[in-house]
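According to TrEMBL:
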REGION    1-25  region 'Disordered'
TRANSMEM  82-101  transmembrane segment
DOMAIN    117-562  domain 'Glycoside hydrolase family 9'
ACT_SITE  His492  active site
ACT_SITE  Asp540  active site
ACT_SITE  Glu549  active site
Amino acid sequence: MYASNPWGGPMEIANGGDTTEDERSRNLTTEWDRASVMHQYQHHGALDETQQSWLLGPPEDKKKNKYVDLGCVVCSRKLLKWTMWLFALALLVIALPVIIAKTIPKHKPHEPPPDEYTAVLHKALMFFNAQKSGRLPSNNGVSWRGNSGLQDGSALTDVKGGLVGGYYDSGENVKYHFPMSFAMTMLSWSVIEYEAKYRATGEYDHVGGGLVNGTTPDDYYCWERPEDMDYARPVQTTNSGPDLAGEMAAAFAAASIVFRDDTAYSAKLVKGAATVFAFARDFAKRTTYSKGNPYIEYNYNSTGYYDEYMWGSAWLYYATGNTSYISLATNPGIPKNSKAFLMTPKLSVLSWDNKLPAAMLLLTRLRIFLNPGYPYEDMLQMYQNVTGLNMCSYLQNFHVFNWTQAGMIELNVNGQANPDLQYVVNAAFLASLYADYLNASGIPGWNCGPTFISTDVLRQFATSQIDYILGSNPLNMSYVVGNGKNYPKRVHHRAASIPHDKNKYSCTGGWKWRDSANPNPNTITGAMVGGPDHSDKYKDLRNNYTYTEPTMAGNAGLVAALVSLTSSGGYGIDKNTIFSAVPPLYPVSPPPPPPWRP
């Protein structure tokens, strides 16, 4: 019993039986002042547990907020806890996939397939591997070819190491240096103009005699693989030949620009070019290399050499910067003697024999991009005018050349019965290249008489001819071996036609393979054959070489045309590399006029 209520009011605790009904009612309805209670608590000290239970009743479920001092910020522990959970969740949602993606082995995305021109380009370059003579590298890529001609030139005393190596020209096992040099010049030219495309396609680092109808064992009479040749292989030496020497000079000079990063080798090529060109210009040695030579006249007869003078001197100027060469290339006597300005259709066709269209285009390049002015301007302007007319002659609407019904231009001007695709691909390359020259200089086209022709028309001509060769023709046949499913199977080629087995077939023992009607046992991938006739028909006969024989010069033109048209590596040419050795041009002042006389 307490006599008084220590928490702020009279209160008497007594036995339940001693209280009245009114008192019980009053006690039940009495409201406690919480603030007063807390005041008493602070004044008198902590309450014991019994007192707290009396006054406050059962403890509330709500927990008291706790705070965390983070130094510069005080925040609720609950808020901090939720923040940490959200951060962990974000880490799980965002970072985990990134981590997983980093740990999964990467697969490079599939590159878009190359265009058809790039695919055929790879094959066309393989043809040169099949034509190699001498010791073959392990990565030659033609399983049915091996080392051959290892004794070529071994009897010569003035040639160190003999003449091992080089390329067999066609289906025969002959190494003809005139068309071989032309092929090398064309390949080098295409590399210089389209280096980026060669790099993009992965191809930048790729890159004897016989009597016709004779009976003596030689490269024509015998049908043997190069690896099995067991007959004498004579070497011919010429004491004159400005055409051959001029073409060799062009090949060496053009190659020296391709190999410009290898200073020593490039200089060696320049020296060789200058040496053979000096031989070509020797007045006492100006008889064509093929004249009176029964081993050459039938196949690669040369009709002149002034076109090689223009061609070789142009390349030597680009390779050396020596103005004596450009002075020769633009000397009026050169086009006069080569009949460059007569505009006869035959002279508009680029071939291993006629370099005029290519030489004038090459010199037009100088005018378009460097514009050297006097004293070269007049002749360079004439070269560009004729170049434009040559391009006009390739267009069907001007009716200069015949065309097959299916749309192939007929450029065979050497009297053979059938068109020859080597001339078609050369024209396609020149047209595509000239279009690139004009586009690179911002010129939209040129005039054929009163008619303006856009560069797109030239490109369409080039693509139409290459597309025809690759299968857009009435026979749906690709004239490049290994391209598509329908291509020549009986190519006129000794190594391709004889099985690659352990048997050695003799000179005449191989005739059974020559005369067989069966397809070749070896596929000579990338070889462009002679092509169809005037009616767009083709005879896949091994013995009919006009249809089925490939050549070095033909495939070189094909490669050049393909790389000019492919979209791999972008479009356009390399404007400057070819001029690397050409010094800055300062036009020479023209001579003063003669003194006035009354």
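Placed from the backbone N, Cα and C atoms, the Cβ positions cover glycine too.
Across the structure, Glu549 (active site) and Asp540 (active site) place their CA atoms 10 angstrom apart.
Around Asp540 (active site), the same-chain residues six or more apart in sequence whose CB sits under 8 Å from its CB are Pro488, Lys489, Arg490, Tyr547, Thr548, listed in sequence order.
The Cβ neighbour count for His492 (active site), using a 10 Å radius and every protein chain shown, is 25. Mean pLDDT across the domain 'Glycoside hydrolase family 9' (117-562) comes to 94 in this model.
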